[in-house]
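Structure record follows, encoded as structure tokens.
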Amino acid sequence: MNLLYTLDLLGTAAFAASGALAGVRRNMDLFGVLVLGLVTATGGGTIRDLLLGDTPPFIFKDETYLYLSLCVSVAVFLFHRNIDRFHHPLLYCDAVGLGTFVVIGTSKAIAFHIGFFGSIMMGVMTATAGGMVRDMLSTHVPLVLQREVYASACLAGAALLYLLHFTPLPGNYASLIAALAVIVLRLLAIRYNWSLPRASHNEHAD
Amino acid sequence: MNLLYTLDLLGTAAFAASGALAGVRRNMDLFGVLVLGLVTATGGGTIRDLLLGDTPPFIFKDETYLYLSLCVSVAVFLFHRNIDRFHHPLLYCDAVGLGTFVVIGTSKAIAFHIGFFGSIMMGVMTATAGGMVRDMLSTHVPLVLQREVYASACLAGAALLYLLHFTPLPGNYASLIAALAVIVLRLLAIRYNWSLPRASHNEHAD
Amino acid sequence: MNLLYTLDLLGTAAFAASGALAGVRRNMDLFGVLVLGLVTATGGGTIRDLLLGDTPPFIFKDETYLYLSLCVSVAVFLFHRNIDRFHHPLLYCDAVGLGTFVVIGTSKAIAFHIGFFGSIMMGVMTATAGGMVRDMLSTHVPLVLQREVYASACLAGAALLYLLHFTPLPGNYASLIAALAVIVLRLLAIRYNWSLPRASHNEHAD
């Protein structure tokens, strides 16, 4: 499915940019920026493949993802001063990446006969685990655990795809619908500043 | 062995509660609380299965663990103000979980023909790695590396089980004895405030 | 190849010492010091084996690595006050470990038919991932992402080995040359205080 592969690469590039930028902001050296770019872009899918027992993971079967992440990270390292200009395009690409990664992860889990909960976990993990490792490597509490409907959009899309899988709808259409659901939810969440409830816990973190 | 499965679920619930509570204390949103609950309850066994090459890990073969962790985490999110009332029951359930997880992890490693050191590592890891990931996700130095005889009780129980494995004692009895050893050691450690020696290093962490 | 195995154990011991020392400095208890020693010495190779699907990882097939790391960590715990005396020998052993780990990781990846980029990643990861987990466990931003030509020496050595693999040079010689390249680069980097460029980002980490 060529469209999905194209969207996948677009998302990979956007995720690599977000990781590399985090490295620049943490004042890391060139190697650190590359590692954060690579991990953010490919970490989620790699952990998914490890859990499914599909080794070596996808990044070693098609090195396009690695070279693309590398090039984007180097570009961010060199031109990070101008990156504000790309703030909006990056947000859109990031949303496209989110939708694509959720669909790829969930579909793969279904193909490996994982159940409902597990398939949704795989979809959400494919889209968010790379960013969580990025935040752990820079000793920040992962953003995705703290704010916005980032993960919820993934949850909704993954659940939708799992259910569509039992309808006579062809797989390509189901994937497209689920990916669009994630992307639209994510963009609406940004626009209207949605957020999930927190437990109203007043003490500071101990 | 039905008793072991029951104890396993009890421990899973207690571990999920401890993870979800950490998420509430770090002021995470609902999704963050769920992730911390799930990771704490199932992370140790998942890492064990990855290391043994037994993929997909147990949580995807029997989704009971996932649903249970989810329900407990949601309950903690909603009713965390009343959780102090359950402080003592939670400590007991946590100790039961510790003993059960050690026994399950060590037994599985022995069944996979892992050696003495490796089997003990697997037992300890099954019981403690979930909590370590919980602490890393909330950017705290893992508690288990710093205080109390938490890990040592696991070490002792795992070593005991490995050795009992060479005696004519039936497996069920060996498991029960080892689990009880962990639980009793853990409860004694809480009661008498035992702790492991530290290197008397006076400089502050750099 | 007996020389490689000897160098491997030497590197393992040096890495275990660096991990255990980090644990002592973070004021961890004995268990924490052991975990940090073990993880630093064996974590990189373990992650490599997981990614290659070669489970259980090498540490469970030859427990020598585990016992060696354990003994070194206990020694550091007991005698850390005298460790300054071994500062220079430790730096040399660490460099030897770096070179050896890169060569072992890259060779294994080539044997598993991983491509150019992936094989280099495996080599670098074998040598550096243990230290990264050590730093994450003690909630520090991994040193290797921030300073010195530590990782670059690994990158150069891994790329060299991959290329030598296509020449008629016997494997043993290629390994030796690549390991020496890493070791010499690393020692030169220490001596002349080389460092990688950073993006000149003036804001503090947010």
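Here the Cβ of each residue, glycine as well, is placed from N, Cα and C on the backbone.
If you look up TrEMBL, you'll see A:6-81, A:92-165 marked as domain 'Glycine transporter'. If you look up TrEMBL, you'll see A:90-110, A:116-137, A:149-167, A:173-194 marked as transmembrane segment.
If you average pLDDT over the domain 'Glycine transporter' (A:92-165) in this model, you get 88. Outside the transmembrane segment (A:149-167), and at least 6 residues removed from its termini, the chain residues within Cβ reach (under 8 Å) are 98-99, 102-103, 105-107, 110, 116, 119-120, 122-124, 127-128, 143, 174-175, 177-179, 181-182, 185-186, 189, 194-196. Cβ atoms under 8 Å from those of the transmembrane segment (A:116-137) belong to residues 15, 18-19, 22, 35-36, 39-45, 47-48, 51-52, 97-98, 101-106, 108-110, 143-145, 150-151, 154-155, 157-159, 161-162, 182 of the same chain, restricted to positions at least 6 beyond its ends. Sequence-distant neighbours of the transmembrane segment (A:90-110) (same chain, 6+ residues past either end, Cβ-Cβ under 8 Å): 4, 7-8, 10-15, 17-18, 44-45, 48, 52, 54, 83, 118-127, 150, 153-154, 157-158, 161-162, 165, 171, 175, 178-183, 186-187, 190.
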